[in-house]
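> So Swiss-Prot lists the following for this protein:
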BINDING   LYS15, MET16, SER17, GLY18, GLY58, ARG62, THR165, TYR171, ASP174  ATP binding site
BINDING   GLY57, ASP77, THR138, GLY139, ASN140, PRO141, PHE142, PHE143, THR144, THR145  UMP binding site
Amino acid sequence: MSTKPKPRYRRILLKMSGEALMGNQAFGLDPKVVNRIADEVRQLHEAGVQVAIVIGGGNLFRGAQLAALGMERVTGDHMGMLATLMNSLAMQDALEQIGVPVRTVSALRVDEICEPYIRRRAIRHLEKGNVVISAAGTGNPFFTTDSAASLRAIELEVDAMFKATKVDGIYTKDPNRYDDAVKYHDLSYQKALTDNLGVMDATSIVMCRDNHMPLIVFDMTKAGEIIRAVFGEDVGTIVHA
């Protein structure tokens, strides 16, 4: 009698860039991509995995880029936080459409739209079987959504953080530009930091390293890859302390 495989991780945080929701578009959201990702989150939810999500806003707005063109950085970052909220609401709607209970929480107060991020309440939502989408980054300028994801992963006591990218892991150099790029199966946060491998910004890496938070970097453009990763298959690159 065959036994049904069980997920390796009980509670996870999925970090997606805003660009992951664009598909082949140059801007905005591709509903087909959003719906596919939502369905994969549904499968994880039905397998008993507690899922927290952090989504960037780069498909709609990048505060750092406008700051380079003269806009005050704080203003640009606040606008970027609102872009993450827009993406979070899109994912919330896609999940609700397929019957997944979900709560969007925000580091900025927008009470008419969603509840504020309160750590204990967010953990309780996860324990009750709700997917939790954390919007607006850390609520502070000068911090990336990678930093926000690392912070939330640590605060919510997840078993591992999963970073969705457009390549199937971390390489010695950009595999889209260099044919001799070699993929890492696993590596330490210190090596990622020392070799400047572009996994995440330094703040994010140090937070994960110091709090022994495992990170799995995988290719979100491959259908079902997040499910395989959470179930412990040999997917992507594992980064560890």
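Any Cβ shown, glycine's included, is placed from N, Cα and C.
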> Spatially speaking, which of the binding-site residues THR138, ASN140, PHE142, THR144 is closest to GLY58 (ATP binding site)? Use C-alpha to C-alpha, please.
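Minimum Cα distance from GLY58 (ATP binding site) across THR138, ASN140, PHE142, THR144 lands on THR144.
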> When you tally the Cβ atoms that lie within 10 Å of each candidate's Cβ, which of the binding-site residues (THR144, THR165) has the highest tally?
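That would be THR165, with the most Cβ atoms nearby.
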> Listed binding-site residues are LYS15, SER17, ASP174; which of them have CA atoms within 10 A of the CA of GLY57 (UMP binding site)?
SER17
> If we check Cα distances from PHE142 (UMP binding site), which of the binding-site residues LYS15, THR165, ASP174 wins as closest?
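For PHE142 (UMP binding site), the spatially nearest of the binding-site residues is LYS15.
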> Rounded to a whole angstrom, what is the C-alpha distance between ASP174 (ATP binding site) and THR138 (UMP binding site)?
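It is 29 Å, counting Cα to Cα.
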> Counting other Cβ atoms within 10 Å of each Cβ, which of the binding-site residues SER17, GLY58, THR138, PHE142 scores lowest?
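Across SER17, GLY58, THR138, PHE142, these binding-site residues, the one with fewest Cβ atoms within 10 Å is PHE142.
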> Same chain, not part of GLY57, ASP77, THR138, GLY139, ASN140, PRO141, PHE142, PHE143, THR144, THR145: whose C-beta falls within 8 angstroms of the C-beta centre of the UMP site? Give them in sequence order.
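Going along the sequence, the neighbours appear as GLY80, MET81, GLY137, SER147, ALA148.
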> With an 8 Å cut-off on Cβ-Cβ distance and a minimum sequence separation of at least 6, pull the same-chain contacts of LYS15 (ATP binding site), or say none.
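For LYS15 (ATP binding site), the qualifying residues are ILE53, VAL54, ILE55, THR145, ASP146, ALA149, MET161, PHE162, LYS163, ALA164.
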> Is THR144 (UMP binding site) helix, strand or coil when read with DSSP?
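Where THR144 (UMP binding site) sits, the three-state DSSP reduction gives coil.
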> Can you tell me how many other Cβ atoms are located within 10 Å of the Cβ belonging to ASN140 (UMP binding site)?
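For ASN140 (UMP binding site), the count of other Cβ atoms within 10 Å is 15.
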